[in-house]
Amino acid sequence: MNLVQCGESISTMTFKLRLASVFANPNCLLGRRNRHQFLVTLLLNIATFSHGLGVGWMSPVMRDLQTDESPLDFPVLVSQVSWIGSLVGIGSVMGNLIAGLLMDRIGRKMVLFFIAIPYTTFWCLVYFVQSVEFLYIGRLMAGVTGGACYVVLPTFISEIADTNVRGRLGSIILLSVNTGVLAGYIVSTRVDYFTSPPFIIALPVCYFICNFLIPETPHHLVRKGKFEAAKRSFMFYKNIRKDDIKAEDEFEEMKYLLIKEQTEKAKSFDYRDFITKPAFKAYASAAVLLISNQFSASFCVTTYLADVFAASYTTLNLGMCTIVIGVLQIVGNYVTTLLCDKYGRRILMLTSTLGASLCLTAFGTFTFFAKTANLSAVDWLPLVILSCFVFLCNIGLVGCLFVVLVELFPAKIRSAGVSTFVVILSSTVFLTLKIFPICMAVWGTSVTMWCCSGITFLSFLYFCFFLEETNGKSLLEA
């Protein structure tokens, strides 16, 4: 009996030692140094999950509004549905601009509080809808929340995160968005229109309350001259004791570099900062990044999934296909969180663009032959191709988008550069969602997919020769 107890005791101790060694790993998100950064990132991403939930919830609802089974007591025309769908892009531009203008003035945390307001308004308008204008304004408000999230969250997370976990924490943004999209699709197909909003509105309320529990970023507080508050914030996010001498030195070094950067910025921040060689390299890489993200059709395929699958003449159940695609979006983003800090951003971008290009070529070729040949024996192939496409897009083009975008720009113009390109991204979302169905109708599915494949492959070539690895780059570097 004693031997058994001794054996159990040794096994327990071995397990505890292994667990302790895992948490002692500086790259572990639940390790002592990183756990507050990870927890705060999860709390903040309630906002992105909620945004994704709204997007996913509205997608099937828009389809139902045009049928006799519409939950509303007034008619909604096809032209009105297209505006309901695309107004989120205009709202996103507004959110980008508002967050970009206010983030440095009133602080990241105050902008985070603001995010909850338009999203709550969206669900109130959805619930108390009296006319199609309610849905117009609601979608516009939902876009404002999404656009503001995509500006302030990457900045906030990058300023609280250690370099070795910054990529994984930043990639959680799109992981939570895609998780929300899948949840929204499931909720809208299983729960009545007027039953969902009262429960979903608890999410922005919970998010708003959670914001009271977290401090402003130490970077912003130092820039505002609030050094004691900045030190407390630094200690909180790094989860270290006040009497830690090494941490004191680390904070003082960060403080010195930020003050030096701010002093130099105040002295010399003018148009010349935007026309340096590093700045132009950042513009080029950011432009190709946005072009590949949007014109690879990654967002359009998931938005117009019904039309895309119809063009492939598949007989598979559309609901099942949508859920599979939604799950693979999440899996792709999760893989990004595991790999982007370990292997770097560049290899993921190369794998993503090359793989997506091949998948688009394959899908275009399948739809070309499906017009004339009987391919019913392999009608599962479109789902396989699009599943691979969505997965590959989400491990790089989508999953690493905001992480790479923040790290590309020199420190002096980072805020302005990121804000500008996120506004361009939101505008491009509106543009691509408008022209994609037109291209499908005029050119046909095959030609449209081949064109997207060509653009994606050109992006792969650019990344192969010109994209620099940003993994491990300090945000205080020039």
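Keep in mind that glycine also has a Cβ here, set from the backbone N, Cα and C atoms.
Taken verbatim from TrEMBL:
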DOMAIN    40-471  domain 'Major facilitator superfamily (MFS) profile'
TRANSMEM  38-57  transmembrane segment
TRANSMEM  77-99  transmembrane segment
TRANSMEM  111-130  transmembrane segment
TRANSMEM  136-157  transmembrane segment
TRANSMEM  169-187  transmembrane segment
TRANSMEM  193-214  transmembrane segment
TRANSMEM  282-305  transmembrane segment
TRANSMEM  311-335  transmembrane segment
TRANSMEM  347-369  transmembrane segment
TRANSMEM  381-406  transmembrane segment
TRANSMEM  418-436  transmembrane segment
TRANSMEM  442-467  transmembrane segment
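With a cut-off of 8 Å on Cβ pairs spaced 6 or more residues apart, the transmembrane segment (38-57) and the transmembrane segment (136-157) reach 3 or more such pairs and are scored as touching. Tertiary neighbourhood of the transmembrane segment (77-99): same-chain residues 55, 58, 62, 65-66, 111, 114, 118, 132, 135-136, 139-152, 303, 419, 422-423, 426-427, 429-431, 433-434, selected by CB-CB distance under 8 Å and a gap of 6+ residues from either end. Counting Cβ pairs under 8 Å that are 6 or more residues apart, the transmembrane segment (418-436) and the transmembrane segment (169-187) reach fewer than 3 and are not in contact. In this chain, the transmembrane segment (169-187) lies apart from the transmembrane segment (347-369): fewer than three C-beta pairs between them fall below 8 angstroms, excluding pairs fewer than 6 positions apart. Contacts between the transmembrane segment (442-467) and the transmembrane segment (193-214): absent, as fewer than 3 C-beta pairs lie under 8 angstroms at sequence separation of six or more. The stretches the transmembrane segment (282-305) and the transmembrane segment (381-406) are in mutual contact, each linked to the other by at least three Cβ pairs under 8 Å (pairs 6 or more apart in sequence). Within its own chain, the transmembrane segment (381-406) is flanked in space by residues 150, 153-155, 158, 166-167, 170-171, 173-175, 178, 285-286, 289, 292-293, 296, 298, 301-302, 308-309, 312, 314, 316, 321, 324-325, 328-329, 331-333, 335-337, 339-340, 345, 348-353, 355-356, 359-360, 362-363, 366-367, 375, 414, 418, 421-422, 470, 475, which lie at least six positions past its ends and keep a Cβ under 8 Å from the stretch. Using a cut-off of 8 Å between Cβ atoms, the transmembrane segment (136-157) and the transmembrane segment (193-214) share fewer than three residue pairs, counting only pairs 6 or more apart in sequence. Below 8 angstroms of C-beta separation, residues 40, 43-44, 46-47, 49-50, 53-54, 57, 61, 71-72, 109, 112-113, 115-116, 119-120, 123-124, 126-127, 187 of the same chain, each at least six residues beyond the ends of the transmembrane segment (193-214), sit close to that stretch.
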